[in-house]
Amino acid sequence: MYRILLCLVVAALGISPLARLNAAQAAPPPPQALLNLDEASRQVDAASLAKYRQIAADYSAAVRTRPGDAALAMARCRFMQNFSWSDELRWAEQAQKDLETCQQDLKARFGDEPEIALYLLQSVYGKAAVAQGTALLPKAGHWPEKDRAGLHAALSSAYQATQDTRNAGLQAVKAARLAPDTPVLLTAVRYLATTGQKDEAKRLLMNAPVPKTPWVANSFINTAHDLLPGTTAREVLQRMQKAGLKVDPYASARALLQAGDAAGAQRALAETAPQAATETPQNRALRLRVGLAAGDAKATEAALLASLEHERGNLWPLAQSYGVLLTIDPAAAFRPAFIGLLATLVFSVLLVAVSPGVLMFPAHYIGTVRARKGRPTVPLFDGIGLRHAWYGLAVLCVAIGIIPVLMAGQFTLRVGNNMPLLEPRIAIAHVVTLCVIMLALCVTVWRFGWRQWLGSGKWKVRWFIWPVILVALIALSGWVSARHLPTGVQVPQSAEVIARGAAQLGGPGFALLLLAVAVPIVEEFVFRGCLLGGLTRHMSFFASNLWQAVIFAAVHVDARRFLFYLLVGLTAGWLAKQTRGLAASILLHGVINAIFVVLVLAH
């Protein structure tokens, strides 16, 4: 008993031989070894390599035991793949060699099985992936739907890597039709929307399972906002919110604003305080649009001030927004902080008003030279000179540049791209614009005289051969385009929006009255009456007609149809000269516009 107690005391005091032995074994390594980091790292790599080889050997032994187990063989390759792609392991190259051998063996034994074929396809990229995936398509006809969807998704990604967006989109659509949760769903939606198949794009997006992460949900909402019309983005947003996902406030605001819910967009943005220093220009612009759409002058002014502070080189777009703000709160014109925006607006209006005069200067110079040489020109219309040409064109440009913005700017922001709501408002703005132009030109109209409106002399049939051919060609090309061009492939031109809006307001008759009667009268008086009449007082008819036709085409701001407008302008000017009046050119213009209205409303 005493002997046992003595041993315990000795052990407690640490003076037993056993205690000393344990202490010696637990002693830390010399400090020099710990300071050699490379050596320590090599020891870790050696230990991890040994463990990797042990587990790889276990996999190989299991595969030999079960040679027909494709899942086990693929798991072996996946294990090696985890280490072959590492940038931190010194022995990653060894794992890469093991992986290549494993995949070759896997392909030789199980290459025809769908899951194995898809796994092997993931190991190649670009054109090699396209070739390997395309070779699998004939075999994939008998695969399960999930595996076929995986093949089309892999091909879509491969085509995307080679910048082949068309085939990437086609393969993505096939994948989405087979598996709504495919990772290339948004590629499919984007392809369908940009090729005019927006209904199917919406169906695919709405039928897809709700994403599990907020950032994917934001991608769904932003894609719907950018590509799909009306309230689709808001519907996607509501699905995400119902599923309990926390959606980005800016994505929510964009979707709600597009659907015409400016108040809802304001509430969404209220969830995040504006951080002027870190907020992106796009998000600041969104706050500005939401404030304008909601008619909230205070919020709009705050957004404008933040944008002015951080985007000094973006003055013109901010000045346009400031112009819309003036329709909400005219007192904003007296805010010292906005003096630069006000000056930009005033300068822009003056520039537009003065620029036609700059265009008239060469004509005046040419006329002066011709007069000195004794070769004066015969003016097309009495009482019309260069000052009338400048004034008429200036009134037209200022009116069409300001009135629609003042009348429809805030409403456009409020309803987004909801065209059925926006079109009537734009049509009304166009009616007011025409009325203002004619009111501003009433003195010039009176000076022009009714005889020059109708023309003088006897009309000859041969004058109208080419105009009739032109009208027939326009009608035929319009019919072919309307018949073969899918709806929604192109963004509608402003004239199309006005035609549909006028039809909503007063039926097809009002649309024809506006675009086939009122518009031709105003435009022919400005371009053929004032502009061509003023130019012919100083230049030859050929030069004058070409000049006014180029300006006529440029004012329509439609690069795709520039040559069409140029040809119409030349023909109308020639008719005005032959008939010494505007009636024939108004008739030609009216018939062309009537064909356009009929095609738009029928399509």
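Placement of Cβ uses the backbone N, Cα and C atoms for every residue, glycine included.
Automatic prediction, not curation, is the source of TrEMBL annotations.
The signal peptide annotation in TrEMBL covers 1-26.
Here TrEMBL flags 337-367 (among others) as transmembrane segment.
The transmembrane segment annotation in TrEMBL covers 388-407 (among others). Distant neighbours of the transmembrane segment (388-407): 320, 323-324, 327, 349, 352-357, 359-360, 425-426, 428-430, 432-433, 436-437, 440-441, 444, 447, 522, 525-526, 529-531, 533-535, 551, 555; these residues of the same chain sit at least 6 beyond its ends, with a Cβ under 8 Å from one of its Cβ atoms.
Per TrEMBL, the feature transmembrane segment maps to 427-449 (among others).
TrEMBL lists 461-482 (among others) with the feature transmembrane segment.
Long-range contacts of the transmembrane segment (502-522) within the same chain, counting only residues at least 6 positions beyond its ends with a Cβ under 8 Å from a Cβ of the stretch, are 396, 420, 423-424, 427-428, 430-431, 434, 437-438, 495, 586, 589-591, 593-594, 596-597, 601. Positions annotated as transmembrane segment by TrEMBL: 502-522 (among others).
Residues or ranges marked as domain 'CAAX prenyl protease 2/Lysostaphin resistance protein A-like' by TrEMBL: 510-595. The average pLDDT computed over the domain 'CAAX prenyl protease 2/Lysostaphin resistance protein A-like' (510-595) stands at 93.
What TrEMBL records for 534-553 (among others) is transmembrane segment.
TrEMBL lists 583-602 (among others) with the feature transmembrane segment. Here the transmembrane segment (583-602) has long-range neighbours at 453-455, 459, 463-464, 467, 470-471, 474-475, 478-479, 482, 495-496, 499-500, 503, 508, 511-512, 515-517, 519-521, 523-524, 528, 568, 571-573, 575-576, meaning same-chain residues at least 6 beyond its ends whose C-beta is under 8 angstroms from one of its own.
When Cβ-Cβ distances below 8 Å are used as the criterion, the transmembrane segment (461-482) is approached by residues 564, 567-568, 571, 575, 578-579, 584, 588, 591-592, 595-596, 599, 602-603 of the same chain, each at least six residues removed from its ends.
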